[in-house]
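Positions annotated as ATP binding site by Swiss-Prot: 54, 55, 56, 57, 58, 59, 60, 61.
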């Protein structure tokens, strides 16, 4: 028979936050949508970021989960806010996104796979818009859309490089207008981004209508509202717009909702989930995708500005293995104090990035069994020399108990003065915004624009996008736009290859390097190790 986890009924988890049963729409005994409007925010927001990760990630999600459990052990009413996992990484390189060991969110298998169907709804809404666009072409193209200038892509929640660039509409006149097209990962779509930033249904519909999908032969932009797509898209998204409530392995509340990637979108959970968490809990721990150059930068420059959510403290997650990696060690699973010492340059840059926005980070060292005492001492000394709070985190092995010291440092940090400041004024030019991010956050010497990017920049200015904040899509495994540059690269120039106005989401996406919005699978994907036993239990997804 299928093994049932020893979990609390979701009604009991909700009761910890004062949520009554009639505010829940249940998806079985352990998952629920939260109904109604969020109460006025009263809680304090703790943002969790990290140093540049190795391909496997450094345990930012695990640390955030364990921190919430530790805060409850200290008598604090805390809630977790995370993004939903994408099937791309689940079956690709990283695996699931529900934490690991004793610091997990549950029911993890359901969350990692179909969950409450939110990603299906987003995917369907994107593909409906595509279908309406292609149908418009087929039915006479009254708007005069240029098939060569269609920006919209279809969506799929799977890493499948073969679908990046395709030709559709083949087979004769009855099968549509032939044109080039492609797919992107659902979490890279503009619909996912605007779902994460919309405040209510009215705002959601306004944002959907503002999505630019193509240009006419005369160069005039065409929006989703021009295709009369908004109402049907909103209907598909109605249930998905409601935040999901689940629990940690210790039975504490976790809001998990929406999932824009940190390297190709803005990289944090939905505004609705954060507002519910902040309205119901005293402390909210929220994760920002990847490292400070991606998720944190975008949170401070885009999310905080758009939503008004401003952190009270920042946790910076580091690991010994990542420091070895950035110190030049390929076999980063073995002790190497020399490599760790060299790799501290990467940690130093991420500390500086947090400080750019007005905060002193709490350094959380996510512990692994291979960590040597000498290596740990190097990181502790680094923090002490700079007057930064430091705590080892052993939540993977010990759950909330292993995060008590970190929780204490975070509570102390909440009382420290901070002054949130964005990196650039919104009235600055798009070039100046990109230059500020590249030089001050990445450490680049300058920015180079391709001819295609220059043309896109000119069009963006003409369309009135210059007052929007910038979201950079770039490699996540380096501070630069070159994924092979480890540590703290210096003397490099980043190259802008393209630019897109995302008026629905409310930002401009700037593409750097060879970033793809639809990843491919590795030679040995995580999918090879996943199975279902004779009794229906999932195997190979316990991280």
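Just so it is clear, glycine is given a Cβ too, placed from its N, Cα and C backbone atoms.
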Looking at Cβ-Cβ distances, which residues of the chain lie under 8 angstroms from residue 58 (ATP binding site) while being 6 or more apart from it?
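Sequence-distant Cβ neighbours: 50, 51, 317, 318, 319, 321, 322, 366.
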Setting 54, 55, 56, 57, 58, 59, 60, 61 aside, what same-chain residues sit with their Cβ within 8 Å of the center of the Cβ atoms that define the ATP site, listed in sequence order?
50, 53, 94, 319, 322
Between the binding-site residues 54, 59, where is the Cβ count within 10 Å the lowest?
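Sparsest of the binding-site residues 54, 59 by Cβ contacts within 10 Å: 54.
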